[in-house]
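Chemist: Can you read through this structure? Questions will come right after.
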Amino acid sequence: MLFTVSCSKMSSIVDRDDSSIFDGLVEEDDKDKAKRVSRNKSEKKRRDQFNVLIKELGSMLPGNARKMDKSTVLQKSIDFLRKHKEITAQSDASEIRQDWKPTFLSNEEFTQLMLEALDGFFLAIMTDGSIIYVSESVTSLLEHLPSDLVDQSIFNFIPEGEHSEVYKILSTHLLESDSLTPEYLKSKNQLEFCCHMLRGTIDPKEPSTYEYVKFIGNFKSLNSVSSSAHNGFEGTIQRTHRPSYEDRVCFVATVRLATPQFIKEMCTVEEPNEEFASRHSLEWKFLFLDHRAPPIIGYLPFEVLGTSGYDYYHVDDLENLAKCHEHLMQYGKGKSCYYRFLTKGQQWIWLQTHYYITYHQWNSRPEFIVCTHTVVSYAEVRAERRRELSIEESLPEIAADKSQDSGSDNRINTVSLKEALERFDHSPTPSASSRSSRKSSHTAVSDPSSTPTKIPTDTSTPPRQHLPAHEKMVQRRSSFSSQSINSQSVGSSLTQPVMSQATNLPIPQGMSQFQFSAQLGAMQHLKDQLEQRTRMIEANIHRQQEELRKIQEQLQMVHGQGLQMFLQQPNPGLNFGSVQLSSGNSSNIQQLAPINMQGQVVPTNQIQSGMNTGHIGTTQHMIQQQTLQSTSTQSQQNVLSGHSQQTSLPSQTQSTLTAPLYNTMVISQPAAGSMVQIPSSMPQNSTQSAAVTTFTQDRQIRFSQGQQLVTKLVTAPVACGAVMVPSTMLMGQVVTAYPTFATQQQQSQTLSVTQQRQQQSSQEQQLTSVQQPSQAQLTQPPQQFLQTSRLLHGNPSTQLILSAAFPLQQSTFPQSHHQQHQSQQQQQLSRHRTDSLPDPSKVQPQ
C-alpha cells in the first residue's frame, strides 16, 4: 500500500518536470521569433533608406535619362567628387589671399562686385586690336553682348579719328623693351589711355552713340598662364593674330566709364526661366507677392503692396505695356511684351508676364488680375526685337565675317610694328584692322577725343561717312540705275577691267595691307554689282526683241486677213485710181503706177523701214463699172472717195508690209462671215490729218485724240462682183455712228448732178496725170469724211446683196433714225433716176 502511494508521487513529479521543460522551450522560440522579426524590420528600413539615398544621388547626377543601377550611381558620384576636388584645389591655389578681399567671397563674386562698383568690365585684346575676351558686365554698361565683341577688332568700336592714336599706344609701349622678359611684364608694362567706344543698340538703324571710357591694364604673356586658367582663350586666338616676335602676348585692361551710370541693366541672369507670381487690382496695384519674388526683384511683399506696377517700369516701355493691358481688359487674358522692371538694387531686369482676370463666383464681376512674371535675358530681348524689325541676328554675320577674315589674313603677310609706325609717320590715317564687322558700318564721327561725354553720331560733318550695309546697297543700285547702259557689251567691258585691276593691282607704298584689302573688297563688290546690272540689261534686251517679234507677227497676221483685196469679176473691169505713198518728208514721196485689175489679186507693195515717218495715204479710189446693156451706153459710176487713213510704222522694224489700208474690202470668193473693226478718225476740218495709228513696242495700238469712228467690215459668202462697203454708208446714205458727229451730218448731203460731173472730170484728169511716167511730185490735201449719194445703181441684185450683208448695222440704229433713213432713201432714189441718165454730150458714138 505504501509502495503504491510512493510510485504515484514519483510519476506526478516526472510529469511536472516535462511540462516545465516544454514551456521553457516554447518561451525561447517566441523570443527568437520576436528578435528575428525586429531584425528583419530594421534591415528592411535600412535598405529602403539606402535606396532612397541612391535614387536621390542618381537624380543629381548628369545624364540621368535612363535608369541606373546602384553601382553606376556610386561610380559617377565618385568621378564627380574627384573632379570637384581637383577644381577646388586649383581655385585655392589661385585664390586671392589679401586682407582687402573678404574671405566669404569667391574670386568670381568679388570680381563681379568690383566691376559693378567701378562701372567697368574686363577686356583682353591682342596687340593688333583683336578682342579675345570680354566680361559679361559689358552688357549692363555698353549694351553689347560678349559674343558681339569676341573675335572682333577693337577698332570697329572706336571712332576713325582715334584709330591711329590707339594703335600707336598699343604698339609703341611694346617696343620700349627689346625682349619681353618676365621682369618687364611684371613691373614696367602698365598702360592707361582714354578713348570713345560704341554703344550697342537693339535696332542697328538707330544713330550711333559713343561712350567715353578709360583703359587701365598691362600686358600679359599667355605662356605664363596655366592651361586651366586660359578659359578657352587658346581656341579663340588665331595664329594669324600673333606677329612672330610678340607671340602669345595680350593687353588685359579694366575698361571704366568716365560718366558713371546710376541705374544699369542686370547683365546676367543667374538661373534662366526664374519666375514669381503676383496679384493686382484692376487699377494695377499690387495686392499679393509670393515668396519667390524677393530673391529676384529684391522687394519684400509689404514694400510693394498698395503701390502701382507702373512705378517700377522703364519709361521707354510704358507705351507698349499700356497697349498690352488694354488687350488684357478686352480679352481677359494675354501675354505682355518684354519690359524692364526696376529692382531694389537700382538695376533694370527684363521680365515678361502672363496674366488673366479672375471673376467673382457669385456675381461674375472681375475681381483682380493674376500675373506670372518670367525673367528673360537681354540676348533674348534683342533677338526678339530684331525679329520684329526683320533684322537678322548678328551671330551668323559674325561667323561669316570670321570665315572671310581668316582667309584674307592668311593671304596677307603680317607686317611688323616698326613698319607700321613708319607708315604712321607718312600717312595721317594708318591701318586699323583687316576685320570689318556690321558694327563699324554705323560709326561716323569726327575726332571726339576732346568730348568727355556721350556723343551722338554726326552724319553730315565727317568726310568719310559709314552707312548700314542695306543703305550702301540702295545707294549703289541707285547710282548704277541712273547710268544708261544700252547693250551687253557695256556691262562686259566694265566688269573685265575691274576684275583685272582687282587681281593685278599693286599695293601702293603709303597704303597698309589692311586698307588694300578693304579696297579689294570694295572692287569685288563693284564687280558683282556690274555683273548683276549686265544680266538685267541682257534680260531687257531679250524681252524687247521678243516683243518686237510678236508685233511683227501680229502685223503680218492683220495684213494677211484683212488687207489683201481679191477681185474676181467676169465682165466688169475695175480701175483703181491713183495710189499715193506719202511721208512726212517731201523728198521721200514715191509715186505708184495705177493698178488695173481684171479679176486679179492686188500685188503687195513693199514698204522699207528707211521711211521713218512714212505714211500710207489712200487719197483717191475710182471705181468705174461698165454695165452690160444692149444699147452699149457707158455710164460713169459715182466716185467712192475714201477718207485718208495714215498708219505710222515703227522705224526700228526692217519688215515689209502688204498693200495699203482701205476702209472698204472687195471680197472675191465665198468665205465665212466675219467682222473686222478698223478705227477711223473723224477730222474736224479740211486741214486736219486723218487718224494716225501708231504701233509701238508695248503691244498697244494708240490713236489720236480726235473723234473716232469704228467702221465695221462684214464679210459674208456673196457672189462674185459684189462690192463690200463700210457699214456706215447704209444703202447709199451717210450714217453718223456717234452722236458727237451730229453736226457733221448736216454737211453730209448728196451731190448734185453738176457736182458729180465736176468731180468726175477732175478725177479723170488726175487719173491721166498719174499715168504719165515723168509726172512731178503729187500733193493731195486731206480728204473730207466720206460724203456720197450712191454707191451702186441700176443693179438690183447688188442692192439686195448689200442689204443682206448689213443686217446687224441696220438693227443697231434707233427706230427714229431708221424711219428718217427710209424717207431720205426714197427721195434720193427718185433723184438718182434722173441723175443716172447719161449725158448726151459724153455718150460715145457707136
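Cβ atoms are placed via backbone N, Cα and C, with glycine included.
Relevant sequence annotations retrieved from Swiss-Prot are reproduced here:
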- 34-84: domain 'bHLH' (DOMAIN)
- K67: SUMO1 cross-link (CROSSLNK)
- H84: site 'Important for interaction with BMAL1' (SITE)
- 107-177: domain 'PAS 1' (DOMAIN)
- 336-379: domain 'PAC' (DOMAIN)
- 447-463: compositional bias 'Polar residues' (COMPBIAS)
- 450-570: region 'Interaction with SIRT1' (REGION)
- T451: phosphothreonine (MOD_RES)
- T461: phosphothreonine (MOD_RES)
- 478-493: compositional bias 'Low complexity' (COMPBIAS)
- 514-564: region 'Implicated in the circadian rhythmicity' (REGION)
- 624-637: compositional bias 'Low complexity' (COMPBIAS)
- 644-654: compositional bias 'Low complexity' (COMPBIAS)
- 811-829: compositional bias 'Low complexity' (COMPBIAS)
- K842: SUMO1 cross-link (CROSSLNK)
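What's the neighbourhood like for these features in this structure?
Modeler: Confidence across the domain 'bHLH' (34-84), taken as the mean pLDDT and rounded to a whole number, stands at 86.
Mapped onto three states, the DSSP output places K67 (SUMO1 cross-link) in coil. Around K67 (SUMO1 cross-link), there are no C-beta neighbours below 8 angstroms that are at least 6 residues distant in the chain.
DSSP assigns H84 (site 'Important for interaction with BMAL1') to a helical segment in the three-state reduction.
Summarised by DSSP class, the composition of the domain 'PAC' (336-379) is 2 helix, 27 strand, 15 coil.
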Chemist: Where DSSP helix means H, G or I and strand means E or B, what are the helix, strand and coil counts for the region 'Implicated in the circadian rhythmicity' (514-564)?
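Modeler: Per-class counts: 49 helix, 0 strand, 2 coil.
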Chemist: What does DSSP give as the helix, strand and coil breakdown of the domain 'PAS 1' (107-177)?
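Modeler: Helix (H, G, I), strand (E, B), coil: 41 helix, 13 strand, 17 coil.
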